[in-house]
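Colleague: Mind having a look at this structure? Questions to follow.
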Amino acid sequence: MGLTGTNTTLVAPQPKGILDPRTGKPVGSDDAFFNDLNGELSDKGFIVTSADALITWARTGSLMWMTFGLACCAVEMMHISMPRYDAERFGIAPRASPRQSDVMIVAGTLTNKMAPALRKVYDQMPEPRYVISMGSCANGGGYYHYSYSVVRGCDRVVPVDIYVPGCPPTAEALLYGILLLQKKIRRTGTIER
């Protein structure tokens, strides 16, 4: 038992991961970031990186989103958690508490009475926090733009990072918006200089 008496080097087996049925390669094998990481790890046995790059990589791989479904767009927001789209494979998962969330997805018509509650939930989220505006009602009021009780875009209440157009937008459009947010997080620095 243990490592005594072994003459071979201890090497972890090649990770198999989830294979893409179309190409037969592991999912994410064409990602330049991971190819550089794997090349450096197999060459040296360790990785040299900046803390900024490591923090950014961790943030993009573990986005927890706050569900703020206000109207029919919320149904499409639920679809990305189902098996067909499986948003968790991209490192995103819904959370019920704003204190555990990184992203707020505003899906639907924001009314004047709901605006203070939206802002309160946004203020309870820890930094860095991001907002995705989903659907034409959240983006600019939609069909109810001229109603006295509708806020003409949630960007009047909270700062919005990604706009997903459509009425309602498809689950693919929301998934694309989340991937754009991950790309935006990778581009921005984490440490203020």
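Glycine too: its Cβ is placed from the backbone N, Cα and C atoms.
According to Swiss-Prot, the protein carries these features:
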type	residues	note
REGION	1-23	region 'Disordered'
COMPBIAS	1-11	compositional bias 'Polar residues'
BINDING	Cys72, Cys73, Cys137, Cys167	[4Fe-4S] cluster binding site
Colleague: Hey, for the [4Fe-4S] cluster site built from Cys72, Cys73, Cys137, Cys167, who else sits with CB inside 8 A of the CB center?
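Modeller: Those within range, site residues removed, are Ala71, Ala107, Gly108, Thr109, Met134, Gly135, Ser136, Ala138, Gly142, Gly166, Pro168, Pro169.
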Colleague: Is it possible to get the count of other C-beta atoms within 10 angstroms of the C-beta of Cys73 ([4Fe-4S] cluster binding site)?
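Modeller: Taking every protein chain into account, the count is 27.
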Colleague: Pick out which of the binding-site residues Cys72, Cys137, Cys167 has the most other Cβ atoms within 10 Å of its own Cβ.
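Modeller: Answer by Cβ density within 10 Å: Cys137.
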